[in-house]
């Protein structure tokens, strides 16, 4: 049990580091960062998922449209807008805005999937939204009234909306695919989607990845290995043991861990607006997600069922 909690904390720490490392390599174009992240992750996951890819060709052919939707949203353009936002805003702001993802998800579920919204979810969504707006406006009513927001925060909102759309597709169709084979296919498709944009960018602006840029290369390797692969493995292990309801609560620590790492490694300064807004965002998201009746440790039967699908 203790090991499961350690695994979920490791996963959340790795996921949080994505924004910090992404900020550290923001001297590279966002499309370049996404290109190398997907390429590296694809090479690493290919040996893991190759058998599933090979033995389930009928599934991939039959459901290629859904896989393409996964790749366009969650794999390619979500990451692009995340790294684009980090060219203009802080990792702390990006982490707080990213934490509002469940709010966007429940509203998409309501309007598109016709899912029911509870009063608690509406209150939580409102609190979280106010917190995010307060962070984006830097705690200034003048900025809010003038709609003079940091463009990086706006790009992060776009990324969150794209991820919420991705999550909606996942909820509807992800059960159709073997886990690791699906990851390989999505990464491969995402890589091919971003490839022409990367080539066009390099032709127009030049290829700015220098062999002597050790920090940049290390950052790209980290993004391709840890958030894309290692973090996912730890997350799957923790979900198998704790269950998705309990494990998902730990995702509320993402903005907290991101902020701590940004202050330590990037020397970002924490301002009162970020603290107050971050508390509202995390508190609101907890209200949206928290369902004490469903928070329980998985039984051995549940765990075996999940591991079989993997």
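We number each residue from 1, going along the chain as drawn.
For all residues, glycine too, the Cβ spot is worked out from N, Cα and C.
Per TrEMBL, domain 'EamA' is recorded for 4-136, 151-289. Per TrEMBL, transmembrane segment is recorded for 32-50, 66-86, 92-113, 120-137, 143-166, 178-204, 216-235, 247-267, 273-292.
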Residue numbers, six or more beyond the limits of the transmembrane segment (143-166), whose CB comes under 8 Å of its CB atoms: 69-70, 73-74, 77-78, 81-82, 84-89, 93-94, 97-98, 100-101, 104-105, 108, 133, 135-137
Close approaches to the transmembrane segment (273-292) from elsewhere in its chain (Cβ under 8 angstroms; 6 or more beyond its ends): 92-93, 96, 99-100, 102-103, 106, 120-121, 123-135, 137-140, 245, 248-249, 252, 255-256, 259
Stretch of maximal Cβ-Cβ contact with the transmembrane segment (66-86) [cut-off: under 8 Å; candidates 32-50, 92-113, 120-137, 216-235, 247-267]: 32-50
Top Cβ-contact partner of the transmembrane segment (178-204) among 32-50, 92-113, 120-137, 216-235, 247-267 (pairs under 8 Å): 32-50
Touch test for the transmembrane segment (32-50) and the transmembrane segment (247-267), at least 3 Cβ pairs under 8 Å: no
Distant-in-sequence neighbours of the transmembrane segment (247-267), which means Cβ under 8 A and at least six residues beyond its ends: 8-9, 11-13, 15-17, 19-20, 23-24, 90-92, 94-96, 98-99, 235, 238-239, 274, 278, 281-282, 285-286, 289-290, 295
Contact between the transmembrane segment (120-137) and the transmembrane segment (92-113) (3 or more Cβ pairs under 8 Å, separation 6+): yes
Residues of the parent chain within Cβ reach of the transmembrane segment (92-113), under 8 Å, 6 or more residues beyond its termini: 16, 19, 23, 82, 85-86, 121, 124-125, 128-129, 131-132, 135-136, 150, 152-153, 156-157, 159-161, 163-165, 167-168, 171-172, 252, 254-255, 258-259, 262-263, 268, 270, 274, 277-278, 281-282, 284-285, 288-289
